[in-house]
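Chemist: Have a look at this one.
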Amino acid sequence: MATTSVSSPKSKPSWVSFLSGGLAGVTAKSAVAPLERVKILYQIKSELYSLNSVYGSMLKIVENEGIKGLWRGNSATILRVFPYAAVQFLSYETIKNHLVADKSSSFQIFLAGSAAGGIAVCATYPLDLLRARLAIEIHKKPTKPHHLLKSTFTKDGVKGIYRGIQPTLIGILPYGGISFSTFEFLKRIAPLNEIDENGQISGTYKLIAGGIAGGVAQTVAYPFDVVRRRVQTHGFGDAKAVVNLEHGTLRTIAHILKEEGILALYKGLSINYVKVIPTASIAFYTYEYLSNFFNKL
């Protein structure tokens, strides 16, 4: 295994990290948008989930809404993901380059990734709320994103457009930290046959490393994602699962465990693996490819 043969990249200009991150996020999320919509629909309902029903759910969406229905809410996703991923990767690179003393320390990289995820969530959360609510409208004409955001703000104010941010932040801290630190660790131990004469790791290895990083991080953070979606969509559209908005994140998790069992906290996880692994692979690979490309301009 190689631990010192990988070339150490120079610090990227801020605009490179920002633009590369945004484009990487949009590319990855758009590719798996149909799976994301089906996952959200399962998370917010109390019925049992089966991976075998994914295909049937997609067919039902196509039957009711047409093929475009599989991408309903993706416009809001793109509006959110570009700034989210841009801010996340920019924050990560900035923190790593200026505050992380030991670039080979997985713990310090974990902290940088966690902080970057938290910053990105706070900056773009209303758009994430918007995406979730658009995704669960399955029996009526789609609401215009800006109309939905305006009506939510008018009805509930700032608190309304940030509903569910607590479990989101609690979940993104381990997710961001684990995904970045795992990806960087896997790059450091890349086999010699995956490294070229210039010290560059192969694209195939980066795709695999990104997928592993996303899968590991998602397993740890997923229960918070379920809570987030339930809080975000409570009383809206086809959301049926019971949730008490007065409860904090941990009390909500305890309530779900009591009423529905531990499997409810992992509802949709199997489809999420199918979604997250290619998403993380594409995002990390595209980011590194584009940042290297832009650095040469």
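Cβ coordinates are placed from backbone N, Cα and C, and glycine is handled just like the others.
Copying in the features that Swiss-Prot gives for the protein in this structure:
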type	residues	note
REPEAT	12-98	repeat 'Solcar 1'
REPEAT	104-189	repeat 'Solcar 2'
REPEAT	201-293	repeat 'Solcar 3'
TRANSMEM	15-35	transmembrane segment
TRANSMEM	66-86	transmembrane segment
TRANSMEM	107-127	transmembrane segment
TRANSMEM	165-185	transmembrane segment
TRANSMEM	207-227	transmembrane segment
TRANSMEM	262-282	transmembrane segment
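Structural setting of the listed features?
Modeler: Averaged across the repeat 'Solcar 1' (12-98), pLDDT for the predicted model comes to 85.
The DSSP breakdown of the repeat 'Solcar 2' (104-189), given as helix, strand and coil counts, is 71 helix, 0 strand, 15 coil.
Long-range neighbours of the transmembrane segment (107-127) within the same chain, counting only residues 6 or more positions beyond its ends whose Cβ lies under 8 Å from a Cβ of the stretch, are 76, 79-80, 83-85, 87-89, 91-92, 95-96, 99-101, 149, 161-162, 165, 168-169, 172-181, 184-185.
Nonlocal intrachain contacts for the transmembrane segment (207-227), taken as residues 6+ away from its ends with a CB within less than 8 angstroms of a stretch CB, comprise 43, 164, 167-168, 170-172, 174-180, 182-183, 186-187, 190, 243, 249, 252-253, 256, 264-269, 272-273, 276-285.
Residues 24, 27-29, 31-32, 35-36, 38-40, 42-43, 46, 49, 51, 54, 179, 206-208, 210-215, 217-219, 222-223, 225-226, 253, 256 of the same chain, all 6+ positions outside the transmembrane segment (262-282), place their C-beta atoms under 8 angstroms from a C-beta of that stretch.
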